[in-house]
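Q: What Swiss-Prot records for Asp158 is active site, proton acceptor. Residues annotated as ATP binding site in Swiss-Prot: Leu35, Gly36, Thr37, Gly38, Gly39, Phe40, Gly41, Asn42, Val43, Lys58. Taken from Swiss-Prot, the feature compositional bias 'Polar residues' covers 691-703. Residues annotated as region 'Disordered' in Swiss-Prot: 1-20, 691-715. What Swiss-Prot lists as region 'Leucine-zipper' is 469-490. What Swiss-Prot lists as region 'NEMO-binding' is 753-758.
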Amino acid sequence: MERGAERGPPPAPGGVALRGQPAGGCGPWEMRDRLGTGGFGNVCLYQHQDTGARVAIKSCRLELSVKNKDRWCHEIDIMKKLNHPNVVRACEVPEEMNFLVNDVPLLAMEYCSGGDLRKLLNKPENCCGLKESQILSLLSDIGSGIQYLHENRIIHRDLKPENIVLQDEGGKIIHKIIDLGYAKDLDQGSLCTSFVGTLQYLAPELFENKSYSVTVDYWSFGTMVFECIAGFRPFLHNLQPFTWHEKIKKKDPKHIFASEEMNGEVRFSTHLPQPHSICSLIVEPMESWLQLMLNWDPEQRGGGLDPETNSPKCFLLMDHILNLKIVHILNMTSAKIVSFLLHPEESLHFLQNRIESETGISTGNQELLLETGICLDPRKPASQCVIDGVRGWDSYMVYLFDKSKTVYDGPFASRSLSECVNYIVQDSKIQLPIPQLRKVWAEAVHYVIGLKEDYSRLFQGQRAAMLSLLRYNANLIKMKNNMVSASQQLKAKLEFFHQSIRLDLERYSDQMAYGISSEKMLKAWKEMEEKASHCAQAEDIGYLDEQIMALHTEIVELQKSPYARRQGEVMESLEQRAIDLYKQLKTRPPDHAYSDSTDMVKIIVQTVQSQDRVLKELFGHLSKLLGCKQKIIDLLPKIEVALNNIKEADNSEMQMQGKRQREIWHLLKIACTQSSSRSLVSSSLEGTASTPAATWVPQSSSEYAPHPLSSMATPGDGENFVDVIEENLNYLDRFSSMLQEAREEQNNSLTNFDWSWLK
């Protein structure tokens, strides 16, 4: 009995969309798109009209032989038992579609909206390979998926860009393996000798119909990764598989690339061809990994098993590459990127020493900014320069500034031309055959895109400098508000002090003739008044306030400047023109046709000129930003000095106020004591009024040298002093209220400040 019949679903009803996949649907499921067509089946996207749920349905489009029906059903069996984030997941077939088509059941799978890897590679901007972040993401995802399949004793056998789909999950692109129609379950036999699949990515042993193992997937995977790096397959990619097979099979085990010269000679290499987009620190381990994956000998391919872990060496090396901690630093003084492999627990200071050796900028003058404008924390390790899970120099950058410079000279020399591009720039009218011209123009497009991306990175560095400036400015505003608040509090205290001391001096003068007097105290109070006038100089911060306001105006103008926004529109337009030219060239038949490169060279020259212009504007604007930042740095210590002066004046005023209060209370104590003594003397005199000996007669010289007791206060004088003290206490209450209001005003100042100009 056929395996399809064992499943039991009824045959498809007549006229449903799945018969020939016309526009239509099954019940609430509407067909929205045709996703792909394989050797036997179609894959279409269906969407539920009510819930919006989407599912990819694979249906058979041909009448199959018994053998192929078994293979079809075998794929469904494999899909249903797999569960891995990098292998496309099988779903339950919707009830409305649960029927047979061409005597086999349907396969329902999760829908991945990002298209396949071939679609990504075919984009003209990727004609010389993908970005490093994309390559490393693919390496991680597909490597993990292949390991999972092999651990479950499944060989895919047909790995190719068309069978890798992309899905956006939470803003991160995930790669998934699809189409297990050719997969071989090793439980059916450890080796297999039959295969019909895509030849360009096929392992050599499959050409020769030899026995094979899991290492056939290594060859296909290595070929895919090479293509993602370089933009083309590694071995004579322009030739048909059966042609290059004979020329390549005697290659050295370490050869990972072969190209055909104009004279027909095949040139082998152990290195990746230029241009590509991967960092120099990754190139060597990546070449070593490709040498393992592209070994012609299936027994040696993958490097065998590691004796300690019993894992394939190729996957251990892959994990090593993916776990490298590399910090990429854009030197804004030279527009050059320097990369460093971080050591475990490396300190930031040690990294800065390495940066000094590479760039010549001393550690003391280095300012390392993240994209957010935050300066790296010297107390934290150097690993703060990288983000876990984020790989590739095109994804994350640290920006290096020289604090000893505020004027950055620019623009700098543009990136160097490749040998091929330089060839057509030197003579744009030279006629080249179309196949060769495609390669040259691909590198030209890569060069134009590179110029635009160089500008974009420098603009991001300028933006980091602006964000850093705004952080400094926010700190300046905070310190200014503290200074103004402290100045206002000091002014209020000094006003109170002047008013109270003037009143004290007036009242002291009023009672001095008949009350208590002290020349020493009077002199001290007058000195206090003069000292308070001197303290008032500390509250004068107008000159600083003027400088700060002028600087604020300058910063706002820089924010409003058109150079604060990206100026790459012209380069983007030129990039699109270069891409369009390349597209037109690819549509031309390659046979016996020649063409020149006049139009492409014009675009290259215009892009270089445009980049030169926008970089000149960028570095001019950057120099102004750094100039403003330096002004803030210069102002901050002046504000600190002003705050310290205000604090010292405040302390001095409080000490004088306390000293005067203590003296007043001392006077009050004396007055009260004298009042009590006088009352006792008066009572005693009244009791002995008839006794002459008890009568005290002042000496004749008292007019010039009064007896000490002559300054003793009368009861009425004591009451006057009590009034003075009460009045001083009233002033003290008023002063406390003024201080409280000043504190509340300070607390509200930051909240109510208009920050809109910072946006």
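Heads up, the Cβ atoms here are built off N, Cα and C, so glycines get one too.
I'm curious about the neighbourhood of these features; can you describe it?
A: A coil conformation is recorded for Asp158 (active site, proton acceptor) in the three-state DSSP classification, outside any helix or strand.
Around Gly41 (ATP binding site), a 10 Å sphere centred on its CB holds 25 further CB atoms from the protein chains shown.
Residues of the region 'Leucine-zipper' (469-490) grouped by DSSP class, helix first, strand second and coil last, total 22 helix, 0 strand, 0 coil.
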Q: Work out how many Å separate Leu35 (ATP binding site) and Asp158 (active site, proton acceptor) at their Cα atoms, rounded off.
A: 18
Q: What is the separation, in Å, between the Cα atoms of Thr37 (ATP binding site) and Asp158 (active site, proton acceptor)?
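A: Rounded to a whole number, the Cα-Cα distance is 15 Å.
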Q: Is Leu35 (ATP binding site) helix, strand or coil when read with DSSP?
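A: Where Leu35 (ATP binding site) sits, the three-state DSSP reduction gives strand.
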Q: Measuring Cα to Cα, how many Å separate Gly41 (ATP binding site) from Asp158 (active site, proton acceptor)?
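A: Distance between the two Cα atoms comes out at 16 Å.
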Q: In sequence order, which residues at least six apart in the same chain have a CB under 8 Å from the CB of Val43 (ATP binding site)?
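A: The answer is Arg34, Leu35, Gly36, Thr37, Ala56, Ile57, Lys58, Met109.
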Q: At a 10 Å cut-off from the C-beta of Asp158 (active site, proton acceptor), count the other C-beta atoms across all protein chains.
A: 23
Q: Which one, from the binding-site residues Leu35, Thr37, has the smallest tally of other C-beta atoms lying within 10 Å of its C-beta?
A: Thr37
